[in-house]
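Right, one structure below, let's go through it.
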Amino acid sequence: MQPSNILVINCGSSSIKFALVNPSESDFTLSGLAERLGSADAVLHWQHRGSKDSKPIANADHRLALAELLPLVEHATQGKLLGIGHRVVHGGEHFTAASRIDSKALQQIKSLEPLAPLHIPVNLQGIEAAIKLFPELPQVAVFDTAFHQSLPEHAFRYALPEALYRQHGVRRYGFHGTSHRYVSAQAASFSGLAYGDSSWLIAHLGNGCSTCAVVNGQSRDTSMGLTPLEGLVMGTRSGDVDPNLHSHLAKTLGWSLDEIDRVLNQESGVLGLSGLSNDMRTLEQAREQGHVGATLAIEVFCYRLAKSLASMSCALTRLDGLVFTGGIGENSPLIRNKTVEHLKLLNIQLDREANALCVRGVAGPIHTQGHPRVLVIPTNEERQIALDTLGLLKQHTS
Ligand code: ADP
């Protein structure tokens, strides 16, 4: 049988995360990170079948970093690489699923730049560099927004003049779609339910956080909107605020739009509330020692998360389970417990011991018997991107 190796590439503004995924194996063959790209400190870190290594790549840009990756990938696959899957942050309304990258798809991705001005250009840089380096390989784009294209109009429209939607694309798109899809499908299989006949609330809690209602394998509502700022309190992002806040800050403090954007995206969330850190581990330790700001940040984070989950339940007709995932969701019994304490009206209750056990990659149920199912399931976006890429390549060859 031919090995199904897919290289998954995720380009950020100054970094590239990569993984070589063989879907028939549970661990990645090769994975790593090129970081601080464009600076003298640029470095490539990788892990190949358990052994770690790194190499300075001073002043490398995305293209050079990918070129450094090439021999590692060739060595790890013995030349047997089937294709490349690229994570692309925004697919607008055009991309409702993963798409093979050709010149038309590239044009369409370019046209979405106004919706994600920071991310689309770096995603494109990664794609273009990969096409040059691996011209013979099929390349596939997998979009963070695509899973949410099934939202009904009453969930994706803002109460704004229609022209803003029709002419300028102002609507709710949602993000983290790859994670919500992977985790909800895993939850169904874990519970012995058919994915196409199941109903889930998902809390993806990483540096960015979002909730999602998944019904019969489709996203029906999600907490992020036009941009990944809407919704939950996050590491450095405010989540929902009064929509008049921009004009209030501009008028009362004379702040520019750029300053307001920076504060809401980079200086708010649990970092802003605590005055200490955006990292939940640090905040949990500080709370133990009585830090007032950290205690408040955790309370607000959990209450707002519970409120979002309760509102997402409007999209369900039954609840097969609530799933926690992402760095915080997978590792923090405290956050899971505090959140669920606000969800008593949904009859959700955790088993203290099971909750404590599900950390560091351990998946499982954490609810009390006789109460709605609550699961901890580690997300794996790279694996889902590889599966989507492989699925598309198989369609093309069959
Ligand atoms: P990203 O969105 O960048 O992929 P992750 O999913 O890795 O982020 O999540 C990062 C968050 O997970 C950080 O806030 C980190 O503190 C938190 N986290 C990781 N381990 C723990 C833990 N043991 N307890 C609490 N929070 C944790």
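Cβ atoms are placed via backbone N, Cα and C, with glycine included.
As annotated by TrEMBL, Mg(2+) binding site applies to Asn10, Glu381. The Cβ neighbour count for Asn10 (Mg(2+) binding site), using a 10 Å radius and every protein chain shown, is 21.
Sequence-distant neighbours of Arg281 (ATP binding site) (same chain, 6+ residues apart, CB-CB distance under 8 A): none. In the three-state DSSP reading, Arg281 (ATP binding site) counts as helix. Look at TrEMBL and you will find Lys17, His204, Leu205, Gly206, Asn207, Gly208, Asp279, Met280, Arg281, Gly327, Ile328, Gly329, Glu330, Asn331 tagged as ATP binding site.
Taking a C-beta cut-off of under 8 Å and a sequence gap of six or more, Arg87 (substrate binding site) has these contacts in its own chain: Val8, Ile9, Asn10, Cys11, Asn123, Val142, Asp144, Thr178, Glu381, Ile385. The substrate binding site feature in TrEMBL is assigned to Arg87.
The active site, proton donor/acceptor annotation in TrEMBL covers Asp144. Residue density at Asp144 (active site, proton donor/acceptor): 24 other Cβ atoms are found within 10 A of its Cβ, drawing on all protein chains shown.
For His176 (site 'Transition state stabilizer'), the count of additional Cβ atoms within 10 Å of its Cβ stands at 28 [all protein chains shown]. In the three-state DSSP scheme, His176 (site 'Transition state stabilizer') is classed as coil. Annotation source TrEMBL lists site 'Transition state stabilizer' at His176 (among others).
The feature site 'Transition state stabilizer' is assigned by TrEMBL to Arg237 (among others). In the three-state DSSP assignment, the secondary structure recorded for Arg237 (site 'Transition state stabilizer') is coil.
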Listed binding-site residues (Asp279, Glu381), ranked by Cβ neighbours within 10 Å, top entry: Glu381
For Lys17, Arg237, listed as recorded positions, tell me which one has the smallest number of other Cβ atoms within 10 Å. Lys17
Annotated recorded positions Lys17, Asn207, Arg237, Arg281, filtered by Cβ under 6 Å to ligand 1: Asn207, Arg281
Which ones in the same chain are close to Leu205 (ATP binding site), with CB under 8 Å and 6+ residues apart in sequence? Leu232, Leu305, Phe324, Thr325, Gly326, Gly327, Ile328, Gly329, Ser332, Ile335
Taking just the CA atoms, what is the gap between Lys17 (ATP binding site) and His176 (site 'Transition state stabilizer') in Å? 16
